């Protein structure tokens, strides 16, 4: 007996599932690979290696590992345990603390914003993937689309030279005409752009001058965006039953490609220089004295593990009740971090070769984010023999890394809908999933206009920033200090068995003190150092920044709004209302009656007693 609304089974469920209403993962492997795919994303490839290089090389691994243990893993374990215990998504799980249900709504809304632009990045990868099916890569040289500033090599504008025994400063054209040579170290270079940079801006994006100039929809990017949403929809048409099988390929094959790229990169001239810049001779232990390094380590761990997005709760909610979520959390977190380090070797070995070929220092070819994925690395790959093959492999890897993260995010949204409208999802899971994908595709069209990259950057700057930090801080404070950390530990022990006080000592230290303090420090730092968004040298107009603020306010406003609504609907004086909203809801506990035991034998199910659904606030089940 459970919180069922009817005897019909959801598309998630099969005859062998423990939870016949919501369904369970077909196997442990489906769940673990889905979690690895969700956690391991584009940031592992295009952000972590650059941060390591920038923050002292190998020395950066010390704060990175510490932040994993102190901030990343405790939050990851908490969210996995929370979802598995209640078998509910990121909004409904706040039956644990009704006053904070707005935190769950904030997580889901931010995930919605992020999934809109994340699929646009996948569309970019698809475009480059298709562009790689040519004998000569279109960004390997300055072709018809290029302007006068395009050049494969650096062009000298002027320098010092010796003429008739005197040192003079002259234009390079004069020096060349006189068959003179420049004195080493005196050359100034023209502001040129490499072919890959101009191809990215002029061909791929058809980038306009700024957010004010929207321009037209870039039709081939729109088609790639449509294809990416079709792939996502096809993988999720049966929910976790279908996506759990797809991730065996999308989560594992990127490791094969990374290994191939690493082996190829390691055999190239200059590869050692790149790797030394990444983690070798540039390793600077004194960097650990800088607060910025520790902030970067904590921020990277926080975002790369995907905590506080709602996805970990949603994916874990389909586990069997007695699954060992403790070992799962450690395995996924360690895999995520090892992947980041491993990816750095693959990236920097080939960037080192590019620096060698172009006769530039490695520091000039290293970049992060879009510039690494769509400018620097494609430029490096274009210099290799059989370059279309390596380009195809790289962008196929980016595609897979993006897709399995996207699968989990969309599953978060559909899980939320399932918890709110279970009857609808039982009968219409496929149409609802496809409807979500179609709606998000249309919302994403603004991001494939000529000003699209500015919108992508704007959403990322605001929504994927401190909004998530606010949700994480309130999540851990609410569960540990209001619901009760020790009480939550007892809930976990109902799933994984009784553990010793020594076992829980570390987790208590982190949950009660270390992790909240670290998260608060990162949040305050993020607010203090917050700057208006820019894309390269392009400044955003005032209205663009205002739109960004409106987006993040729309995301977090639900936290106080839902809290106020809960208090208004409660009974008693103000103090009594607040206290009642800080207690778990009457139907909080394990989803299935057979798992409730004595601790939750009192749990009532209003749906069975009254014959209708649980009362909701603004349509959200609590």
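A Cβ is built for glycine as well, from the same backbone N, Cα and C atoms used for every other residue.
Note: TrEMBL annotation is automatic and uncurated.
The following features are taken from TrEMBL:
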- 37, 39, 40, 304, 336, 401, 404, 405: Na(+) 1 binding site (BINDING)
- 44: Na(+) 2 binding site (BINDING)
- 1-12: compositional bias 'Basic and acidic residues' (COMPBIAS)
- 142-150: disulfide bond (DISULFID)
- 1-24: region 'Disordered' (REGION)
- 31-48: transmembrane segment (TRANSMEM)
- 60-78: transmembrane segment (TRANSMEM)
- 99-130: transmembrane segment (TRANSMEM)
- 217-237: transmembrane segment (TRANSMEM)
- 246-263: transmembrane segment (TRANSMEM)
- 297-318: transmembrane segment (TRANSMEM)
- 330-356: transmembrane segment (TRANSMEM)
- 389-410: transmembrane segment (TRANSMEM)
- 430-453: transmembrane segment (TRANSMEM)
- 465-484: transmembrane segment (TRANSMEM)
- 505-526: transmembrane segment (TRANSMEM)
- 546-568: transmembrane segment (TRANSMEM)
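Feature annotations (TrEMBL) mapped to structure.
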residue : record               : Cβ within 10 Å
37      : Na(+) 1 binding site : 28
39      : Na(+) 1 binding site : 27
40      : Na(+) 1 binding site : 27
44      : Na(+) 2 binding site : 24
150     : disulfide bond       : 18
304     : Na(+) 1 binding site : 24
336     : Na(+) 1 binding site : 25
401     : Na(+) 1 binding site : 28
404     : Na(+) 1 binding site : 27
405     : Na(+) 1 binding site : 25
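Here the transmembrane segment (217-237) has Cβ contacts under 8 Å with residues 119-120, 122-124, 126-127, 130, 204-206, 243, 246, 403, 406-407, 410-411, 414, 430, 433-434, 437-438, 440-441, 444-445, 447-450, 452 of the same chain, all six or more residues outside its ends. Between residue 304 (Na(+) 1 binding site) and the residue listed as 'Na(+) 2 binding site', the C-alpha separation comes to 7 Å.
For residue 142 (disulfide bond) paired with residue 40 (Na(+) 1 binding site), the C-alpha to C-alpha distance reads 35 Å. Here the Cα atom of residue 150 (disulfide bond) is found 38 Å from that of residue 37 (Na(+) 1 binding site). Take the mean position of the Cβ atoms of 37, 39, 40, 304, 336, 401, 404, 405, the recorded Na(+) 1 site; other residues of that chain with a Cβ within 8 Å of it are 36, 38, 41, 44, 251, 306, 339. On a Cα basis, residue 44 (Na(+) 2 binding site) lies 9 Å away from residue 401 (Na(+) 1 binding site). Take the transmembrane segment (465-484) and the stretches 31-48, 99-130, 330-356, 430-453, 505-526: counting Cβ pairs under 8 Å, 505-526 has the most.
The transmembrane segment (389-410) is not in contact with the transmembrane segment (60-78), judged by fewer than 3 CB-CB distances under 8 Å for residue pairs 6 or more apart in sequence. Using the rule of three or more Cβ pairs under 8 Å, pairs at least 6 apart in sequence, the transmembrane segment (246-263) is not in contact with the transmembrane segment (546-568). Of the candidate binding-site residues, 37, 336, 404, 405, the one lying closest to residue 44 (Na(+) 2 binding site) when CA atoms are compared is 336.
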